[in-house]
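Chemist: Before anything else, here's the structure in question.
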């Protein structure tokens, strides 16, 4: 009697159980997604030209930095989805050009007022990290150079740095082009705190 009751219970449970397939997606769709990688929008192979991507030297405006996008059903790569400066950096690296010049500063000598270490900048301000001469002689000391005050001296080792502005000369966001709604420090009445250089030799500032 008990064995018959158990068989009937097991049969009832099996009828109410939901049967799920072992594979949620057929292999046909997987094959189709794999074939999508060979789409015409795919990134070119090394040494192969692509009509969907402009070379680095032909970039003239922001419109040239719009990506072609990835093929439907694929995961886009950085080359297929990057825009703006990120895309410009990628295109430059593909041709061996470091557009941001990420090389470390010259630490083979100590900069002086007569022969400072030059730091190029596209903006109105540039942060400079000094570690002494030779490199790593002291902890990093961060200095701020600007167009109004391009020369800065490290308070730890005395090395002098000079910012060389290489950006556009007529920048609507520059310090001297704010118009009547000026936002630079002069309109706020800001004055830098005085140091010993102001009393001993002001040109050392």
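Heads up, the Cβ atoms here are built off N, Cα and C, so glycines get one too.
Just so you know, TrEMBL annotations are computer predictions that nobody has curated.
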Chemist: I'm validating the feature mapping. Which of 132-168, 169-205 is tagged region 'Disordered' in TrEMBL?
Modeler: 169-205
Chemist: Inside 8 A of the center formed by the CB atoms of 130, 138, 154, 157, which other residues of the chain have their CB, for the recorded Zn(2+) site?
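Modeler: After dropping the recorded site residues, what remains is 131, 132, 133, 137, 141, 155, 156, 158, 159.
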Chemist: Count the Cβ atoms, other than its own, that fall within 10 Å of the Cβ of residue 138 (Zn(2+) binding site), considering every protein chain shown.
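Modeler: For residue 138 (Zn(2+) binding site), the 10 Å Cβ neighbour count is 12.
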